[in-house]
Amino acid sequence: MNHDSILLGLIGEDISLSRTPAMHEAEGLAQGAATVYRRIDTLTDRARGRSLQELLDAARSTGFNGLNITHPYKQAVLPLLDEVSEQAAQLGAVNTVVIGEDGRTSGHNTDVTGFARGLEEGLPDATMTTVVQVGAGGVGNAVAYSLVTHGVEQLQVADLDPARAQALADAINSAIGREAVHGIDARGVEEAIAAADGVVNATPMGMLAHPGTAFDTSCLTPHHWVGDVVYMPIETQLLKDARALGCRTLDGTRMAIHQAVDAFRLFTGLEPDVERMRATFLSL
């Protein structure tokens, strides 16, 4: 592709607070490319009422190099693409669409790779025999898939809707060809956490609009590692409690940064500077 200029976008609902545009624009500029990253918010007048297919077609005809896809379109976009990576196809969700010079679209999931890279970076020697993930919705499917394809032997996914947790488990087990994921009821999850090596919060609990924790943190001990996908605030109540109890922790910034790093590489073919993108993210 032509690296003199880069045109990217994010399709989703209520995306005004996303830090992804700033990371891509700053990294592109640092690499010598005039980079524009547009928010395509389907709740705004400009995009409201337009189908996902129409938005993809418009991006192609306008000369976009790529798109990030977020809630609620990560699943809906799959059948609209020319090709999808094996990983994204197995997961059934795409968050990154590369648009070739010929207009062909290819879908990828950098939520999966981003979480894995963040985990390797932040907790490189964490024990992964048994892990509990709290939350089966939203980004939970990508986190669960990432965990069991990057070292976790047995994953228990807990949700207030046990059927949703089991559906996620069944889908991932089918995709990876082994019984590694088990759905459980989030009520009483503390017993499962107490017996596990680590726990990941994949619920909105801990966000500014949802203060608190998704489970009783008194079940944690110093042998646990604790991860959180929430990054606003970076220091969630869960991570505060976990550190006070002697646990090693992984905050949500790592996944957020590395999903953007991996997407930038796919969009441009350029090698991004992780620390530079991290600095941009943390400056916002």
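Cβ coordinates are placed from backbone N, Cα and C, and glycine is handled just like the others.
Annotated features, as they stand in Swiss-Prot:
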type	residues	note
ACT_SITE	Tyr73	active site, proton acceptor
BINDING	Ser18, Arg19, Thr20, Thr70, Lys74, Asn95, Asp111, Gln259	L-quinate binding site
BINDING	Ser18, Thr70, Lys74, Asn95, Asp111, Gln259	shikimate binding site
BINDING	Gly137, Gly138, Asp159, Arg164, Thr203, Pro204, Met205, Gly206, Ala214, Val229, Gly252	NAD(+) binding site
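Reported as a whole number, the C-alpha separation between Gln259 (L-quinate binding site) and Gly252 (NAD(+) binding site) equals 11 Å. Gly252 (NAD(+) binding site) is 20 Å away from Lys74 (L-quinate binding site) when you measure Cα to Cα.
Applying an 8 A CB threshold to same-chain residues 6+ apart, the list for Met205 (NAD(+) binding site) reads Gly212, Thr213, Ala214, Val230, Leu238.
Taking the binding-site residues Gly137, Gly252 in turn and counting surrounding C-beta atoms within 10 angstroms, the largest count is reached at Gly252. Listed in sequence order, the residues of the same chain lying 6 or more apart from Ser18 (L-quinate binding site) and placing their CB within less than 8 Å of its CB are Leu10, Gly12, Arg39, Thr70.
Candidates Arg19, Thr20, Asn95, Gly252 (binding-site residues) were compared with the residue listed as 'active site, proton acceptor'; those inside 10 Å Cα-Cα are Asn95.
Compared over the binding-site residues Thr20, Thr70, the count of CB atoms lying within 10 A of a residue's CB peaks at Thr20.
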